[in-house]
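Participant: Can you keep this structure in mind? I'll have questions shortly.
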Amino acid sequence: MVYKMDLLLLLILTFQQIRYNIGSKDVPVHQIESLVGENIFLPCNITTYDGDEPVLVLWYRDDKGTPIYSIDIRAGVSKAPKRWSDDAVFGDRAYFIFDKEPGKLSIQNTQPSDSGTFRCRVDFLKAQTVNSRVRLNVISPPKQVIIRDNDNVERSTVVGPYSEGDIVILKCQVVGGYPVPTISWYRDGVEMPCDVFHSEGGKMIECVISLTSLGRKDLNSRLTCRAVSHPRAPIVEAVVQIDMNFSPLNIRLLGAHQPLSAGRRYDLLCQSAGSRPPAVITWWQNGIRLEKTTETTSSDGNQTTSTLSISLSKADAGKFLSCKAYNHAVPSEPLEDGWKLDIQYVPEAYVRLGTSLDANTLREGSDVYFDCLVIAHPNVFRIEWRHNDQPLFHNISQGIIISNHSLVLQGVTRSTAGNYSCVGFNAEGEGISAPFALNILYSPTCLQNQKKIYGIAKHEDAKIRCVVDANPHEVEFSWTFNNSAESIDVAKNHIIQSGTSSVVTYTPITELDYGTLLCIATNKIGKQRVPCVFHIIAAGRPEKVHNCTLINISVSSLTVTCSDGFNGGLPQHFLMELTDTNTHEMKANITSTNPRFTVSGLTPGALYKLSIFSFNTKGRSDPEILNAAMLRMPEKQLTSEQSEGIFSPRLGLAIRPVKNCVFVVELFCPRD
């Protein structure tokens, strides 16, 4: 029964709605704004006179012909007001409040779909029906702001990278929002003009900007697209930064045009700035790329430094060394800096014999000159000449003349021969030439320190050796015998030759066969001017030694040294006999090739006799006699007075020669 009454009521209300719609058009409209999500109140006039009261409140929306909310407070229907809300509109978000004037329809969490014009109809118990009209505008911010680049690709943080001179077109798309949003572009906080386009249906708005001829100043520029639908609505925006690639601005090879030393390792630096991303630096020498490089980049990425480790040689002089900087991301010609290498090096010296001289025909007495050829950078400041690695100095009296790079040797001798070199000095150091071997040709001369006296017995064969110094070494020997009566050439069959040495076998038969042998050699330079002279004498005993001296006498050893006499024409040796003077016992018998003897293991304080002989195959000489007293051992215990005596002037040690070459060693000791 209740359901039928409600249905009847709804039909009546619908009919009345149609009837009252015409009159309601003249009712003033109350404007209300709300942000999405806010709670708002739609006013409804429920005021009447005393004794009357509202019995039915109906809410309509212009686009709906039926109520969207109702509250029935008629008596007899229910003790409590009966509320109803259209789920398709407000649902449980709406609630009508009576206890305030005017009455209010509370709407929780407003939505964009809540926007519209609403009419509140109030039926009273007695008074006529009253209508109130309210316009609700629900303000909603844009749902989305999107920035797209030239290729229509969405960009959220960065656009680019671009190159200098590029034209950039960006569009900002705004979706949603009520009222229709206003779009603005800002560049680093400064508003920019843009072209606005509305899509069909009005669901999206675009705002397009164009940036022409980008430059370095545009790097990291902040572009903001800002959309706002109402002053009360939050601003929605999207922000991007401009990213750009730059070619290098400059390049500099540090230390360029400075001379470099050959053989020294250098770390050369090349710097380039202004490239983004950082420049790539390469090194080149005469168009050939060099390796062994390292690169570092500054903390801000603006400057790149490349280090080339290189060791250069003289051959690199004049070559073009350069470094190039380029950016792979920017199609442009690389920047280049470099210089022609100036290589300094140690002098290179060469010795050259005078052009008019033949190195194979230089003889004693000739004048020889050399030139020192030097290749050096920087130029040499001094030239030094050396002979067998020893410096030569200008000395006219010795026939050495040094002038600039030349060396003149006047009247050369065989001692002048040897290795000659020159040394050039410059700031890089000293350079020595390869030695030039100077060969001086000379006629034979007799070699020094040969045996000159030969003691030979009659009918005894002796080999007389003659050695000469000659250059060239190819020589011919001739021998001549001289005595007081005649001069005889030695027959060839008695002569044996080997190089610069010749041996003659000689046998004296009579007294007239003793005399002098002369040896003369000849080479292609000439004949020996002064012959080698050898004296042939009758062999005999050697002379006795002389000038004997005792040295290094101690408590148990001694040393004696003598000068030898004539050897009798034969090789001689030496003999020392040492006997105890008291016991006449022989303590030592020593033979030596030279007259020097050392004896150890002797008795302290003993007196010895030394007999020294020279001997050869013909016999021995008369002795040279010496006496030697050995030092005594120091006493183990001495009184203080005795101790003082040892070191006092009263104690003396004397070794003195006496007549007949006897040496006496004396100790003077005081007695109590």
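Each Cβ is built from the backbone N, Cα and C atoms, and glycine gets one as well.
Residues or ranges marked as domain 'Ig-like' in TrEMBL: 37-137, 142-241, 248-336, 347-439, 444-523. Taken from TrEMBL, the feature domain 'Fibronectin type-III' covers 541-636. Per TrEMBL, the feature signal peptide maps to 1-20.
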Participant: Can you count helix, strand and coil residues in the domain 'Ig-like' (37-137) using DSSP?
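Facilitator: Result for the domain 'Ig-like' (37-137), in helix, strand, coil order: 6 helix, 47 strand, 48 coil.
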Participant: Based on DSSP, tally up the residues of the domain 'Fibronectin type-III' (541-636) by helix, strand and coil.
Facilitator: 0 helix, 49 strand, 47 coil
Participant: Count up the helix, strand and coil residues in the domain 'Ig-like' (444-523) according to DSSP, in that order.
Facilitator: 6 helix, 46 strand, 28 coil
